[in-house]
Amino acid sequence: MARWGAARMAACGPWGRNRRVGAGDAFEASEVRRDGRSRMMPACGPWGAGHGGGDPALERELSRDGSHYSISSAILPSLGARSNRRIKLRRFIISPYDRRYRIWETFLIVLVVYSAWVSPFEFGFIPKPTGALATADNVVNAFFAVDIILTFFVAYLDKMSYMLEDDPKKIAWRYSTTWLVLDVASTIPSEFARRILPSKLRSYGFFNMLRLWRLRRVSSLFSRLEKDRHFNYFWVRCAKLICVTLFAVHCAACFYYLLADRYPVPTSTWIGNYMADFHERSLWIRYVTSVYWSITTLTTVGYGDLHAENTREMIFNIFYMLFNLGLTAYLIGNMTNLVVHGTSRTRNYRDTIQAATSFGVRNQLPPRLQDQMISHISLKYRTDSEGLQQQEILDSLPKAIKSSISQYLFFHLVQNVYLFQGVSNDLIFQLVSEMKAEYFPPREDVILQNEAPTDFYILVSGSVELVEQQNGADQVIQVATSGEVVGEIGVLCYRPQLFTVRTRSLCQLLRLNRTAFLSIVQSNVGDGTIIMNNLIQFLKEQKENSVMAGVVKEIESMLARGNLDLPITLCFAVTRGDDFLLHQLLKRGMDPNESDNDGHTALHIAASKGNEQCVRLLLEYGADPNARDSEGKVPLWEALCEKHAAVVQLLVEGGADLSSGDTGLYACIAVEESDTELLNDIIHYGGDVNRARRDGTTALHRAVCDGNVQMAELLLEHGADIDKQDGNGWTPRALAEQQGHDDIQLLFRSRKAATASGHHHVPSSTTTRVAPAAAAASLIGRFNSEPMMKNMIHEDADLPSRVLPEKLRRKRVTFQNSLFGVISSSQAQRETDHPLSRGGLAATGSPNPSSGSRNAVIRVTISCPEKGNTAGKLVLLPQTLDMLLELGAKKFDFAPTKVLTVEGAEVDEVELIRDGDHLVLVSNEWDAEKMKGKS
């Protein structure tokens, strides 16, 4: 610790080597030395006083890492850099990116501007140092002398390693071998220079001209301003060009006057010929005249009133005009570039419009298509010119920023679309991140009828019409407005688009690609089921449209047959009340105890809806009758609440009771509703009226608070405790006294007296409890399966059926690549990986009798060819082959001895028979070859 403190003290210097991170210090963060070591050190020194952890000022400084300095000029961290929080420089060494050092540099630039004007002026017009001008020069030189000393302590960026070099020796050597000589020469006072120079060179401004070396700082300033987003680039460039022009004119004017002033014959000079007594004229008149001739020469106007009179002036004019050629080219080139850049979009727009018009005329396109082409190009130009290039901007951003922007703009819109009602926010966030916003002009086709389903759109603004072509004419079927979705039927069902979608006004649409959509659904199978249900419900509501009705029938047919191995959850089938679909799903090995995010199982839903057949199927396939959801509810409670007596009986026969649920909650609900029948049912089916809710409240507490004497009496009859405390320490007795319920207090006293005398028997709530389920059923677990999806194979879209010849037309639209088919691939993988599919269930999907699940309903077709019956009869499979033979004898009035398959193979074990098999009952005299011949 002492060593660390000493190191900290040694690190502090007058220039704040370890100063706080300022606006320009974003990448000075980690202590990265050339030896590769990294260490965190506190800041100290007058240019950045040290602060402890959690200092608000330091946090404010660190929050400025995103400033324009940190991006435009500071050090970028190298690949693999472990930290970028602070650079520890040596003692007395200053970072070139320190905020205060930059302020110092900006102050020096003001002095450079002064030097740029005064140095040529003194060189041309002032013969010797005088008054305030000489004093000002010396003050400016003093500041630059300080800067020379300061430069020996400023770290520099090594161009090889791109790291700050803070070795004082290397800094001094680099400065000494580069700019030190010129910097020192430009700060020599004029008086001292006149003394050390020969008499012929004792010009006042000779050494002053070396100060122009400082102009490199102005060039750096303009370079930095051009990259600064707070300044307009056009005006920064214009200011730079103006400064260059004025400086050239000023220098040339000073040189012109110097030539005339030093010429032996004053009248033989450019100004002496025009103004013979120019030496007696004021300094202002001479300077203005010089600037006048300089600028007329620069602009090549040349009125002829001023011209060169001697050889010196002619030679200078030659070089000056050569310089003007280069300067003029530089100015014109820069201004042309700035102007052309502003008009290039318009030029490209006109060229594109002309090309599109020529294309339409040359290919004899219909006027409607030509208008759509022109409208689309015009809208694109408008969005570009108004700064609405949203997709270009979003594509240039990182994924996280792009997703955040999309979520902010479109999340609530997508959330309210009917297709995504009830899905998780995670799915909507993923969908919004993949959507692309597009503009469409009025009367433009967005989707064409019968085209391949590649995208669907959500309307942000505007309206579109759904058009169907009938007998060669367009008929508007429906109008969609903001917040609605179009094209989803073709994408989800993988069939050609049903309608042409055409804009009615300027529209902004969100486009979602089918491939991206289905990829997201792959990882959200539960939400995919909700989307399918929403689609089916929406299509059912479109009864007046025959096309929609046909799509509904097709989807319903595929669902009923279960031919697609759809991974539709059991909850989906139960919600629809489709017991046949539920049976198909259970036979495929789906977990009967699979729950949703709230813990609801299919048995919860079936019990709540009172669907006896679904409840029976689920129990036969091993559903846990006492499964508990996140709220503590069990299926039996759902059935009791809805008064489904038949379902209650089925559940009780399957081993259901209320003891595994939150019976305290149940009893409180019954008391709140003052439902004595429900309370009696709770007690009858294993509920404990003394059990408390999560907050410690019992049903008796609730009855006392409500002043319900009848419910309180019923609870007391079944063993409710009047002295049981809730979460706040209140007992029912204390509550009755506190709230002044005299009837309940009297009831409590009489009940206590009867109990003390021993004349009243209080039945235990456990004496009527239903026997628990079998051990095997109680061990059945519930889990929320997350199916592993197979990689989806995106086949090429089929050609629209309506544009194919009749012989090449598909007989039926395939759903293999629809949303149903895509999600079904996940179910196949889940069945393969499911633990119940290995050992727990037979390979066929039928329950294995060895596992105790033989109670499943298996239907088979039996026939007796010896009696002339080949069509067969559908019967339930008995438990043994002997029972099956007896059943056949009754059905066909015949005594069979063997069971064969339709292929002629003899069946020896009933476990080999699958649901839906066709069995043949024959006698020993039957020849199997006859059956093969018939088949």
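Quick reminder: no glycine exception, Cβ is built from N, Cα and C everywhere.
Taken from Swiss-Prot, the feature nucleoside 3',5'-cyclic phosphate binding site applies to 419-538. V464 (nucleoside 3',5'-cyclic phosphate binding site) falls within a strand when secondary structure is assigned with DSSP. In this view, V464 (nucleoside 3',5'-cyclic phosphate binding site) is surrounded by 27 other Cβ atoms within 10 Å of its Cβ, with every protein chain counted.
For the intramembrane segment (289-308), the list of distant contacts is 124, 245, 248-250, 252-254, 256-257, 270-271, 274-275, 278, 314, 316-317, 320-321, 324, 327: same-chain residues at least six beyond its ends, Cβ to Cβ under 8 Å. The feature intramembrane segment is assigned by Swiss-Prot to 289-308.
As annotated by Swiss-Prot, repeat 'ANK 4' applies to 662-691. Listed by sequence, the residues of this chain that lie at least six past the ends of the repeat 'ANK 4' (662-691) yet keep a Cβ under 8 A from its Cβ atoms are 628, 631-633, 636-637, 640-641, 648, 652, 656, 697-700, 702-703, 706, 708, 710-711, 714-715, 718-721, 724, 765-766, 768-770.
The feature topological domain 'Cytoplasmic' is assigned by Swiss-Prot to 1-106 (among others).
Swiss-Prot lists 128-136 (among others) with the feature topological domain 'Extracellular', giving sequence analysis as the kind of evidence.
What Swiss-Prot records for 158-178 (among others) is topological domain 'Cytoplasmic', and it gives sequence analysis as the kind of evidence.
The topological domain 'Extracellular' feature in Swiss-Prot is assigned to 200-205 (among others); the stated evidence is sequence analysis.
The feature topological domain 'Cytoplasmic' is assigned by Swiss-Prot to 227-240 (among others). When DSSP labels each residue, the topological domain 'Cytoplasmic' (227-240) comes out as 9 helix, 0 strand, 5 coil, counted as helix, strand and coil in that order.
Under the heading topological domain 'Extracellular', Swiss-Prot lists 262-288 (among others), citing sequence analysis as support. Confidence over the topological domain 'Extracellular' (262-288), given as mean pLDDT on the 0 to 100 scale, stands at 87.
Only residues 6 or more beyond the boundaries of the topological domain 'Extracellular' (309-312), in the same chain, are considered here, and those with a CB under 8 A from a CB of the stretch are 259, 263, 265, 268-270, 272-273. Under the heading topological domain 'Extracellular', Swiss-Prot lists 309-312 (among others).
Positions annotated as topological domain 'Cytoplasmic' by Swiss-Prot, on the basis of sequence analysis: 334-935 (among others).
DSSP assigns L509 (nucleoside 3',5'-cyclic phosphate binding site) to a strand segment in the three-state reduction. The Cβ of L509 (nucleoside 3',5'-cyclic phosphate binding site) lies under 8 Å from the Cβ of A437, E438, Y439, F440, V446, Y457, I458, L459, V460, each of which sits 6+ residues away along the same chain.
Q449 (nucleoside 3',5'-cyclic phosphate binding site) falls within neither a helix nor a strand when secondary structure is assigned with DSSP, and so counts as coil. For the topological domain 'Extracellular' (262-288), the list of distant contacts is 121, 125, 253, 256, 305-310, 312-313: same-chain residues at least six beyond its ends, Cβ to Cβ under 8 Å. Note on the binding-site residues L419, V479, Y494: the fewest other CB atoms within 10 A surround the CB of V479.
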